[in-house]
Amino acid sequence: MNNWQHFFNNPVDLSEHLKKPYFRFDNRDKEITAISFDEKANLIWSGDSYGCISSYDPTFQLYTRYRGHIGGNSVKDILSHRDGILSISEDSLHFANRRGVTKLNLTSIDIAAFSELNTMCYSPHSLKNNIYCGGDNTNWGIASIDLNRGCLDSLLNYSSKVKLMCSNNKVLSIGRQTGTVDLLDPTSNRTIKSFNAHSASISAMDLRDNTLVTVGKSKRFYNLYADPFVNVYDLRTMRQLPPVSFSKGTTMGSGGADFVQLHPLLPTVMIVASSSGSFDFIDLSNPTLRTQYVHPCQSIKKLCLSPNGDVLGILEADNHLDTWRRSSNNMGMFTNTPEMLAYPDYFNDITSDGPISVDDETYPLSSVGMPYYLDKLLSAWPPVVFKSEGTIPQLTGKSPLPSSGKLKSNLAVISSQNEKLSTQEFPLLRYDRTKYGMRNAIPDYVCLRDIRKQITSGLETSDIQTYTSINKYEVPPAYSRLPLTSGRFGTDNFDFTPFNNTEYSGLDPDVDNHYTNAIIQLYRFIPEMFNFVVGCLKDENFETTLLTDLGYLFDMMERSHGKICSSSNFQASLKSLTDKRQLENGEPQEHLEEYLESLCIRESIEDFNSSESIKRNMPQKFNRFLLSQLIKEEAQTVNHNITLNQCFGLETEIRTECSCDHYDTTVKLLPSLSISGINKTVIKQLNKKSNGQNILPYIEYAMKNVTQKNSICPTCGKTETITQECTVKNLPSVLSLELSLLDTEFSNIRSSKNWLTSEFYGSIIKNKAVLRSTASELKGTSHIFKYELNGYVAKITDNNNETRLVTYVKKYNPKENCFKWLMFNDYLVVEITEEEALKMTYPWKTPEIIIYCDAEELRKPFFSVDTYSINYDILFRDYFANGIRDTARREYKLLTHDEAPKSGTLVAIDAEFVSLQSELCEIDHQGIRSIIRPKRTALARISIIRGEEGELYGVPFVDDYVVNTNHIEDYLTRYSGILPGDLDPEKSTKRLVRRNVVYRKVWLLMQLGCVFVGHGLNNDFKHININVPRNQIRDTAIYFLQGKRYLSLRYLAYVLLGMNIQEGNHDSIEDAHTALILYKKYLHLKEKAIFEKVLNSVYEEGRAHNFKVPETSKG
């Protein structure tokens, strides 16, 4: 840090606006009280004693100024936020965007705890959605403010005066007026550690990661003097480290430290300054290594460091702002990734030499001035005509088009007639206005100045996570169709972070049959289901593909802690399973929906022949199919479990009687309960018994119902009236309910506020299930079961008649002994209130699948796979899909138990893929090309080699080719080395394994804590469909990255290692071994401290040769 220069020789007066003539009779102090750099824009902010907040660009030109606090209260503290700027005064909190427009303003009238405030900081774990405010008022403690809701979230009991506050991702550090520092855990509202930092008071404090630094004052001879040292604390061990001396108090005379701040990018570097002008940059790892500077001024009032660590702002006692800058930062940038600033539109007077034609589209009509007028214009319509300006009539219900399928409007008839004209050779494609715009429409006028100032920041996080709306007919943003931009490799370039502020992972919709994501999320939060499915991973269940892949998916979602996951492997198993059953039945279908229709209709009593009914009931059919298949595969596991059978199984007795006195009784074990329409007379009687309209009568009726239909009697062979009575004989711990009601029935449901009850009680009385809202109504029965709502899947229908599925789940928090509700809309996850979750009055919301769990089962903990004894045998043996072929050449050596991997073991990996389907693009009416369906790939080969030093260093222990019976569009032989027929079990001479076998090997290595070395591992792991923790990845593509240009493995091997690889087709063993050597080279360059120099030369040479390896002359 020895290249700092006093860059700005003419300091700017930040209090110039306080020297206006109208302030001359005001005797209050006219000072700047706070300064702070913006983390998202090249701005520095200041607050004054009159409550005004001002911002300046790097040239110190005024950008914006606004009054944030009324009443003449001074600005106490300023915080930078991703959406704007936060500031506090003694009794108010103000939140505005960078243009000065108020987003939130809270005063002591709104929150009584706002009194004598001094400081604020962000709350741990909140991702800057909550802040803590504290001050001298000890009656209220510390107030937690929710910025999303704009209200008081909670109050922390704290009985001391607060002067300073800062936080990391775990604790809240509080500096008292007396000089003591307290570490507070916001979760438990408990002080976990206190440090007696300074004897009199604390002056400055900063916290970053696990390092806390403080400076303060001590009392000597009835006066306060700054301490000539900096206190340093390690929050991992909760101990104080040796204090670091300040040069002002040692080598440069008497004095002490008044300011301290940790470097934002270098975690071990801090800046320490004195109010007299001297300041040091000190390395905590080596305190003797420091650089000393002196700022020429009378005294320093405030000091702050820019987010990129290149600019030091100093506020002098006369309210002038001066800066020091590093010599490398001549542009004066405050942040490395600044957002574009918005500027006002300026009116340009357009002069014309002659008259302008009315048809001239290049001339804006808004530039024609309006004459002054005294009379009322004809265009000013009276308020009698329109109730409000610029509004459209509100919707009074759902789409007017009938959805029952029985009545067709004229539009539907015309549409069906047009569809008959469509052929396979000449398909009929409807014109889509949303994609191609209005027909024969003149393009809108676009000003070039607006294009220059346009900000492509996308959706606001606070907007997209809003799950309520004032108008109940309007679909809130959280339920809307989410934006998704696909690139060449799917959704790699899409930023999912603004859509999830929780620790629970969403699912990527970029998969086939993505509507199944909602049902997967529903069952992931059932404790008994999760524990069993994940527990099956401890054994090698290679024959139960769907159960195993669901277990891997649940485990990945649990480990990812909010990172988005993909269900691509689960979808592949689902497709292979349906293909297998279709071949067995001799009825091939093209899509999963068609297969579910053919599978589920046979077991259903009702007739779902209309195409609309198939669409309406597809989630219910998939739910029934999923549970049935999981229960079937459960019996095929190593331990032959019956957990799911006991958990979901409904013992149903079906009695069939014919008018010819013939009857038959069968007993079936059904995994789910279908709830269909109920007779109005029956529902009224059941509602009277349950004391109100709710879901209980529907469940009761579904557990014991009678249906009649005319059919041929199997005994007499005549057409008779057959009566079928279905009775449920037990109450399992989990009730999976499938709702198949008509729109008219849902309309009646929406009129009831508490239709979806949160809990109920049930018992079996006289071989019949009886359900009541309270336990007192079931007195006299021996066994009473309490059920609570675990979650449900709802269908959202927007104004465009587009539908999507969302999931509501209830998660138990054992630490706080309470539940919280979450809503999943693919990759959007938001925590909601219970009232909102149970609300069924919205016309756009329709429940599809509902889960009720036993109250005790719902409170069981979720066990990860780490709690089980895992079988690792597959790492030490082969498991081929097509048997061992003598002609196959073995290029690897299996691991032995003596070299069993452990945590930190280095392995190098490379994967190859084939293309199943090419990408699909479209060009809209503006000529913009976008990828609407990325290419589909499949894993073809994985090679893993040893990375630890020893005799077998660099020798592969896994080299598996993956079976693929699907249609392969492109083998990508040039890049993958896979030839046609290599993956076909009937033709291949390779050692083929199934996908779940090779996946288990990679999963076990991750489970053991192995460190993976490779080139472009993010892309490999995405296609393998596994989320590996960052601390277990050593990606050479990122290590040798400068800017945004990724270097190929072949080029890096040629430049750094002198190796010429990939001369023919790619070989995964060669690529993995090269990446391992390249990683060793990286460590060597880092150890010699010449890595940056070598990397610069690599890029300089690469630009000269276009980053390509020179072709070797042959012959």
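Note: Cβ is positioned from N, Cα and C throughout, glycine not excepted.
The annotation Zn(2+) binding site is assigned in Swiss-Prot to CYS660, HIS662, CYS713, CYS716 on the grounds of experimental evidence. The Cβ of HIS662 (Zn(2+) binding site) lies under 8 Å from the Cβ of CYS713, PRO714, THR715, CYS716, each on the same chain and at least six residues away in sequence.
Annotation for ASP1071 (divalent metal cation binding site): spatial neighbours ASP910, SER943, HIS1015, LEU1049, ILE1061, GLN1062, criterion Cβ-Cβ under 8 Å with sequence separation of six or more. According to DSSP, ASP1071 (divalent metal cation binding site) sits within a helical segment. The annotation divalent metal cation binding site is assigned in Swiss-Prot to ASP910, GLU912, ASP1020, ASP1071.
According to Swiss-Prot, the domain 'USP' annotation covers 474-855.
Averaged across the domain 'Exonuclease' (907-1079), pLDDT for the predicted model comes to 89. The domain 'Exonuclease' annotation in Swiss-Prot covers 907-1079, and the record cites sequence analysis as its basis.
Annotated region 'Linker' per Swiss-Prot: 337-473, in sequence order.
With a threshold of 8 Å between CB atoms, the same-chain residues lying at least 6 positions outside the repeat 'WD 1' (27-66) that come near it are 8, 12, 14-15, 17-19, 72-80, 82, 85, 87, 89, 94, 96, 98-100, 102, 301-302, 304-307, 311, 313, 315, 319, 321, 331-335, 338-339, 341. Per Swiss-Prot, the feature repeat 'WD 1' maps to 27-66; the stated evidence is sequence analysis.
The feature repeat 'WD 2' is assigned by Swiss-Prot to 112-153, with sequence analysis given as support. Distant neighbours of the repeat 'WD 2' (112-153): 76-77, 79, 81-82, 86, 88-93, 95, 104, 106, 159-172, 174, 177, 186-187, 462, 465, 501; these residues of the same chain sit at least 6 beyond its ends, with a Cβ under 8 Å from one of its Cβ atoms.
The repeat 'WD 3' annotation in Swiss-Prot covers 155-194. Residues 113, 118-125, 132, 134-136, 138, 140-144, 200-202, 204-210, 212, 214, 216-217, 233, 235, 238, 815 of the same chain lie 6 or more positions beyond the ends of the repeat 'WD 3' (155-194) yet place their CB under 8 Å from a CB of it.
When Cβ-Cβ distances below 8 Å are used as the criterion, the repeat 'WD 4' (197-236) is approached by residues 163-164, 166-168, 170-171, 173, 175-181, 183, 242-246, 248-250, 255-262, 264, 267-268, 270, 272, 274-275, 282, 284 of the same chain, each at least six residues removed from its ends. The repeat 'WD 4' feature in Swiss-Prot is assigned to 197-236; the stated evidence is sequence analysis.
If you look up Swiss-Prot, you'll see 295-334 marked as repeat 'WD 5', on the strength of sequence analysis. Residues 3-8, 11-15, 31-32, 34-39, 41-44, 46, 56, 58-60, 258-259, 261, 263-266, 271, 273-279 of the same chain sit 6 or more residues outside the repeat 'WD 5' (295-334) yet have a Cβ under 8 Å from a Cβ within it.
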**Prompt:** ASP1020 (divalent metal cation binding site) to CYS660 (Zn(2+) binding site): how many Å between their Cα atoms?
**Reply:** 66
**Complete:** Lowest 10 Å Cβ neighbour count of the binding-site residues ASP910, ASP1020 is held by ASP1020
**Prompt:** GLU912 (divalent metal cation binding site) to CYS660 (Zn(2+) binding site): how many Å between their Cα atoms?
**Reply:** 67
**Message:** List the residues in the vicinity of the Zn(2+) site, defined as same-chain residues other than CYS660, HIS662, CYS713, CYS716 with C-beta within 8 angstroms of the site's C-beta centre.
**Reply:** CYS658, SER659, ASP661, PRO714, THR715, GLY717, LYS718, GLU720
**Complete:** Per DSSP (helix/strand/coil reduction), ASP1020 (divalent metal cation binding site) sits in helix
**Request:** Determine which residues of the same chain, besides ASP910, GLU912, ASP1020, ASP1071, have their CB within 8 A of the center of the CB atoms at the recorded divalent metal cation site, and list them by sequence.
**Result:** ILE909, ALA911, ARG941, ILE942, SER943, GLY1014, HIS1015, HIS1066, SER1068, ALA1072
**Around the Cβ of CYS713 (Zn(2+) binding site), the count of other Cβ atoms that are within 10 Å** = 16
**Asked** With every protein chain in view, how many other Cβ atoms are within 10 Å of the Cβ of GLU912 (divalent metal cation binding site)?
**Response** 26
